[in-house]
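Here the structure comes first, spelled out in structure tokens, and everything after it is commentary.
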Number of protein chains: 2
Amino acid sequence: MSKTFEKLQPYLDKVMALQTARNLFEWDSQTLAPIESTDYTSKVIGILADEYMKCLTCDEVKKLVKKLKEDKEQEELTSNEKAIIHELNKTIEELESIPPQEFREFNEFTSLSNRAWVKAKKENDYSHFAPYLKKVIEFKKKFAKYRAKNNQEPYEVMLKDFEECFGIKDLDSFFDKIKKEIVPLLKEVAKKADTVDKDYNFLKYDIEKQKEFCKFLAGYIGFDFNKGVIAESAHPFTLNLHNHDVRITNRFIENNLESAIFSVIHEGGHAIYEMNIDDSITMTPVGKGTSMGMHESQSRFYENIIGRSEAFWTPIYQKLVDTYPENLRNVSLKQFIKGINKAEPSLIRTEADELSYPLHIIIRYEIERMIFTEDVDIERLPEIWNKKYEEYLGLTPPNYSQGILQDTHWSYGEFGYFPSYAIGSAVAAQLYAKIKEVMPFEEYLREGNLLPIREYLRDNIHKYGATKNTNQILLDVTGEEFNADYYVKYLKEKYEKLYEL
Amino acid sequence: MSKTFEKLQPYLDKVMALQTARNLFEWDSQTLAPIESTDYTSKVIGILADEYMKCLTCDEVKKLVKKLKEDKEQEELTSNEKAIIHELNKTIEELESIPPQEFREFNEFTSLSNRAWVKAKKENDYSHFAPYLKKVIEFKKKFAKYRAKNNQEPYEVMLKDFEECFGIKDLDSFFDKIKKEIVPLLKEVAKKADTVDKDYNFLKYDIEKQKEFCKFLAGYIGFDFNKGVIAESAHPFTLNLHNHDVRITNRFIENNLESAIFSVIHEGGHAIYEMNIDDSITMTPVGKGTSMGMHESQSRFYENIIGRSEAFWTPIYQKLVDTYPENLRNVSLKQFIKGINKAEPSLIRTEADELSYPLHIIIRYEIERMIFTEDVDIERLPEIWNKKYEEYLGLTPPNYSQGILQDTHWSYGEFGYFPSYAIGSAVAAQLYAKIKEVMPFEEYLREGNLLPIREYLRDNIHKYGATKNTNQILLDVTGEEFNADYYVKYLKEKYEKLYEL
């Protein structure tokens, strides 16, 4: 091992430990912590964040990283170590641009802000959340200014945090293509929506049985309960301490069968990615999914390409019918598949069908751009939100909870995150085109044998963690960089077939 | 504020944050973490412990604490600050005597060792746990040697960790009194055990209903769910992040009604102590119960003096009957009170009656003394354990899980802890004698009004945290230091009345 790298190791360990502790506090605050703990615990979280930052940006670490970037030192490094130094350098640059005190305040504040969002959503009270949101946006604007290089737009800075291969230009062109190709298709499909009978989905589904079936589903797709746990929270999410401790949450709605089912498959996809990170890089700066875009590609690959296919349900649909015979006895597999793929404008992003889904993202993308380029009045955001829903989806949210308060992201200051979902869907379609070539994909699903698919994803994507970026992975696996045409083609083929257009 | 103390504050904050993080990992590992996470997460815990130690024993902190102990500086300190400095100095002395690397190894190891105990207990396999126990003991022997002052016995060092007011001499004299007074009483009572019909307790009690009733009980005695949560674990325990986040666990046994009921009251007593710590000292080195002895006095005050009294059950027994009418319809309150106070030799400490309870402690005390003064073969511990159970209680454990593997403490290296339970019982009796003088205690219980009792404990004991030690508290509240006579008197009166001796 390089002697310089060896000197860096204790700092890497300390940073990893502090980050893992922060992750555990985040998990705990969203799943279990008592309501009055927030003010006190946020102080602890702030101090840990501060220590994390101090350690990463101390003179010794900066000196070592600078040295390790020199050609001579690079020669002595393994490829994993090179990736660690690259990642570390990026993080240090990011942190160095923000004054420590402000970084600490921000971390303390977002924990309060998230708690305020939970309350606001529960009580359908935007005015409770608005002052928090305003302050979070002020933080983010300030931070983006600190960090911008070469007159970069603030929003561009934020986008690159989640997907370094995509900026405003890339997204504009991607979303233009979607609008041009998918909006007309959605209109065609929506006309036929009435032909799909989905009433069964909104009957009463006992929650304990939902929990049991979702647990079965998680295991069925490959979630390893020896390395993971499932809990409940207001908004489903995935969080990992390392590759042997990956946690997902779910939420259950009594009169909606699909909601929890596709949440667990979605989060399960994220979790399988993290569980498959190689042991040699877990607990290092590259021991994680390479980007949110790639992460979402895996969750949406599981949720949509696998989870909404007839082949996937062929061996297990009867089990679902047996769980709820009173509701599903007369619902055929064919009707169920049509039901879970029913495309029509709706209000809730996480429950949207594959076809209208990107429109939810485009709305958020456009609002985020407005927030960070114009001086939008935060009080007016619900109005803007509702107008865009009318414009793109022809629907008006009846309240805040089903409108602007539906997503958790902004309460944490995660602006620039949403596009990752659409990128993810498109990356998933591009990967799918390749996988179908190299294995009898549908046959495996029909046999209930998901292992070869999981192993392919592990060996070609997951195990590398963040040692390769999205475009490098796509290039190595599919022979080309990101290409949204696969996504358009996939959606057209799927929906034309389903709706016999 | 003293300028020197002000300089110390950031270090206190950091130490508090690291300790809180360690506590959260401990909670998580015992209630939720997936089985394969241990090896990886224990590395994180080790690093946090190491940072904690480094921060507490760094030159700057030592210099500041030393200075703050000078008369001139002490004049500028509030009484809470003085207590913080006293506590800090004690901890630094303790840590300084152990080499950092060994301290870190120990912390990493006990997390593995606890996991091994869980498995060993589950599988009734002492041989799986023995090598871990052996290594934990080696650590503790070494540490005690490092820390011993003036030829102190190693076991004395350990005892004082949990209760600084009690050493081997105090305990020998306390336990001698117990043996002399209580053993004959237990024999008398045991003769009449057959007259108590307790078969109802071992019928089938639906676990979901147990959970609901225990949740009710926790709230009834004053556990504040806005500041606390209840989860499940192999062995019930209490853990707090601060006074606004106090957590207890319980475990449920289908064919034992009492087990979970008295566990939740016991842990609830611990939790109420921590919830009542004053806001001005929470998250400081003295923002915690003053000693394990005093802590156990509060849990046992709730469990035994309140929870096993007829007055306590008078307003709520019908609710229990209504929860399980098929089992309890024909069990009168009188029979139930006799049942929950039935005294007879038994195998499991946590389920033992008040009268035989101290014998379980004496057995552990004697074995711990053997471990740390003689060179006992660890393989022989089950044999020694079983012999002592035969000698004191006339019973032989049929397996390891109900014998030497029943308690979690040793897996964490918590030797010297057990006597706190007996000290706690005796302190509780001493406090009880006083409380009965100052308020209509029984009347309050009969009215279902536990608030005045809780307020009295808060204002006279809880709020002070560790700013006063056990004997100071007893002196201030009862007018005298620890006096085991109250305990003996309490037990005699209670059991003579119950069994009409």
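Any Cβ shown, glycine's included, is placed from N, Cα and C.
Checking the candidates A:E254, A:E258, A:E296 against TrEMBL: the one annotated together with A:H266, A:H270 at the Zn(2+) site is A:E296. Neighbour counts were taken at the CB atom with a 10 A radius for the recorded positions A:E267, A:E296; the maximum falls on A:E296. For A:H270 (Zn(2+) binding site), the count of additional Cβ atoms within 10 Å of its Cβ stands at 24 [all protein chains shown]. Residues A:H266, A:H270, A:E296 make up the record's Zn(2+) site, and a Cβ search at 8 Å around their centroid adds A:T238, A:E267, A:G269, A:H295, A:Q298, A:S299, A:R300, A:Y302, A:E303, A:G424 from the same chain. Long-range Cβ neighbours of A:H266 (Zn(2+) binding site) (same chain, at least 6 residues apart, Cβ-Cβ under 8 Å): A:P236, A:S299, A:R300, A:Y302, A:E303, A:G307.
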